[in-house]
């Protein structure tokens, strides 16, 4: 412990694996390795295919590239500590290293939420105003949207590490997960955390919360447009372009909302449930998104098959 008058700060935190299953961590690491490998390879393949295929150089796939980069970042943020704990029982993480990991995990989560909103806007414009779509979402506009998304995440979360550093910590130093999460660190403090709770709630509602509301509104407008289409075939064709995005939204937002609710209101929730929801939130979306888009997007699938034929030939 570092002591400065009445101010206490731990030099490190202790991470937790899966409660009650510590003896099985080496075996449990096998599905985790499979998920991380899928996330890393899958998202790299998506980026490679989009870069190499000229016909995919359009807004929908630019936003998909942003999603793939974000998913790669999320996977790489949690991979070292998670597999380090499962393989080598490395539980200790330095205080500043923990705050750094936490900052990037939250930034990338907020960026993913914003990218999913941008993708919903792209689908709305493509379906409701197909003739104006290329002029509305130009390459410059997409680039500006990408920069705005990154800046919003970085700036809105910048105070969080400093709000945690000002707190006095005492007693327990055990985190609930094999990675650092803001509510988890905050609840280890023995000081007044009202500012942290209030700021965290405001930022969550004004970013991820607003993103989710606007995504829902986008789909309400999309459905209204689709219903007005002349034929059933046109209606199904329009909706089919949204299936991958809807799956990505559900895979990301359901566990995120669940984890936020558990950390704020689920004091009596079993630790195992908390842990499983956290892993679902941070590991499943990066692994599933490239699979979803590879299966549902005809253009991605065809480009991938062409690339494989060229290599085999």
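These residue numbers are counts, starting from 1, taken along the chain as shown.
Glycine too: its Cβ is placed from the backbone N, Cα and C atoms.
Automatic, uncurated: that is what TrEMBL annotation is.
Feature annotation from TrEMBL assigns domain 'G-protein coupled receptors family 1 profile' to 42-293. Annotation comment: TrEMBL describes 24-50, 62-88, 100-121, 142-164, 197-222, 243-264, 276-295 as transmembrane segment.
Tertiary proximity for the transmembrane segment (197-222) is limited to same-chain residues at least six positions away from its ends with a CB under 8 Å from its CB atoms, namely 109-110, 113-114, 116-117, 120-121, 123-124, 127-128, 152-153, 156-157, 159-160, 163, 182-183, 186, 238, 242, 246, 249, 253, 256, 260, 264.
Counted over residue pairs separated by six or more positions, the transmembrane segment (243-264) shares fewer than 3 Cβ pairs under 8 angstroms with the transmembrane segment (24-50), which leaves the two as not touching.
Against the transmembrane segment (62-88), stretch 24-50 has more CB pairs under 8 A than any other of 24-50, 100-121, 142-164, 276-295. Take the transmembrane segment (24-50) and the stretches 100-121, 142-164, 276-295: counting Cβ pairs under 8 Å, 276-295 has the most. Counting Cβ pairs under 8 Å that are 6 or more residues apart, the transmembrane segment (142-164) and the transmembrane segment (100-121) reach 3 or more and are in contact. Sequence-distant contacts of the transmembrane segment (276-295) (same chain, at least 6 residues past either end, Cβ-Cβ under 8 Å): 18, 32, 35-36, 38-39, 42-43, 45-46, 64, 67-68, 71-72, 74-75, 78, 82, 105, 109, 112, 176-177, 179, 181, 244, 247-248, 251-252, 255-256, 258-259, 262, 301, 304.
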